[in-house]
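Pulled from Swiss-Prot, these are the features on record:
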type: BINDING; residues: Ser162, Tyr167, Arg238, Val239, Tyr240, Ser241, Thr263; note: 3',3'-c-di-GMP binding site
type: MOD_RES; residues: Thr229; note: phosphothreonine
type: MOD_RES; residues: Ser241; note: phosphoserine
type: MOD_RES; residues: Thr354; note: phosphothreonine
type: MOD_RES; residues: Ser355; note: phosphoserine
type: MOD_RES; residues: Thr356; note: phosphothreonine
type: MOD_RES; residues: Ser358; note: phosphoserine
type: MOD_RES; residues: Ser366; note: phosphoserine
type: MOTIF; residues: 363-366; note: motif 'pLxIS motif'
type: TOPO_DOM; residues: 35-44; note: topological domain 'Lumenal'
type: TOPO_DOM; residues: 107-116; note: topological domain 'Lumenal'
Amino acid sequence: MPHSSLHPSIPCPRGHGAQKAALVLLSACLVTLWGLGEPPEHTLRYLVLHLASLQLGLLLNGVCSLAEELRHIHSRYRGSYWRTVRACLGCPLRRGALLLLSIYFYYSLPNAVGPPFTWMLALLGLSQALNILLGLKGLAPAEISAVCEKGNFNVAHGLAWSYYIGYLRLILPELQARIRTYNQHYNNLLRGAVSQRLYILLPLDCGVPDNLSMADPNIRFLDKLPQQTGDHAGIKDRVYSNSIYELLENGQRAGTCVLEYATPLQTLFAMSQYSQAGFSREDRLEQAKLFCRTLEDILADAPESQNNCRLIAYQEPADDSSFSLSQEVLRHLRQEEKEEVTVGSLKTSAVPSTSTMSQEPELLISGMEKPLPLRTDFS
């Protein structure tokens, strides 16, 4: 199954499975209609009638929605009736053209025995009214999720962009300089490429304690990087601080890195605790996964995040107490160290040997007393 590179449980964006299934359904229906042996005119007439009823049903549903939206025309649509109509009916010209075209074909085809068009129109209006009053026209949860993802309407989308714009975009460009300054004063404690990055923890259950040592005693606070300050949103000399942690293994230091949680996950957890937010545990898990995927996509295209930031997404097993956050972080650090060594060896092997290229050119002189002419075919 397709999933994000961060974690197997993080889904990839939806593809075109629904469209492919619709093509299969279309083929099956065409074969069924062909096998029934009905006259083509008869089949076409009922098909056009059905399409016309669908368009008319959508139109009637939009008219009912328009009655409510007109009450908010100034607050939601800046007093524009055209915007209000488009919000409820889509493009009125397109929908009206489809409706008129369907009605034209309905009356132009040979008539068959059936209920009058006026009776069918009244029945269609009745069914749409019942759908609205009884709440039968709601979308399925999967459809709502697909619409929100496609339109970037999710809570996770806004949180991920807020986290990047309001925090990561500001601190990542200066991170390497702050680490170099720290190393100058503390004997290169953060040496190596993997130690000179910001590692962001992404627990999918949104469990974000304020103290990392509470999550794992083998993660121990060591020091802080030099603070970064700046004026933002009217706040003078706003301070940005990052913490350095040492990772213990068998009681010994096994790694050192700049480590922290993604604070928006704490917001998601808090939202699920407030009934006013209408945010269930399942919603929290879905939004946490979408937050991780969106943040990964943002950082993949952000030049300031190149080699400056790494995401560590994980999910603690509910029935397994052997999970160790420090070991999870160490696993990522060691994996990156291996990748750094592999990339370095490939670059070294790609450079041609300089043992012969760097030598001084030598002038080779023949031992003959007289130089030979340019032509050697003389007799």
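Including glycine, each Cβ sits where the backbone N, Cα and C put it.
It should be emphasised that the depicted structure is a prediction, and the values quoted were computed from it without experimental measurement.
Location within the structure of each feature annotated in Swiss-Prot.
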| residue | record | Cβ within 10 Å |
| --- | --- | --- |
| Ser162 | 3',3'-c-di-GMP binding site | 12 |
| Tyr167 | 3',3'-c-di-GMP binding site | 14 |
| Thr229 | phosphothreonine | 11 |
| Arg238 | 3',3'-c-di-GMP binding site | 13 |
| Val239 | 3',3'-c-di-GMP binding site | 9 |
| Tyr240 | 3',3'-c-di-GMP binding site | 15 |
| Ser241 | 3',3'-c-di-GMP binding site | 12 |
| Thr263 | 3',3'-c-di-GMP binding site | 12 |
Whole-number Å value for how far Thr229 (phosphothreonine) lies from Ser162 (3',3'-c-di-GMP binding site) (Cα to Cα): 19
Distance in Å spanning the most remote Cα pair of Ser162, Tyr167, Arg238, Val239, Tyr240, Ser241, Thr263, given for 3',3'-c-di-GMP: 18
Cα distance (Å, whole number) from Thr229 (phosphothreonine) to Arg238 (3',3'-c-di-GMP binding site): 5
Rounded distance in angstrom between the Cα atoms of Val239 (3',3'-c-di-GMP binding site) and Thr229 (phosphothreonine): 5
Cα separation, Thr229 (phosphothreonine) to Tyr167 (3',3'-c-di-GMP binding site) (Å, whole number): 12
Counts by DSSP class (helix H/G/I, strand E/B, coil) across the topological domain 'Lumenal' (35-44): 7 helix, 0 strand, 3 coil
Rounded inter-Cα distance in Å - Thr229 (phosphothreonine), Tyr240 (3',3'-c-di-GMP binding site): 6
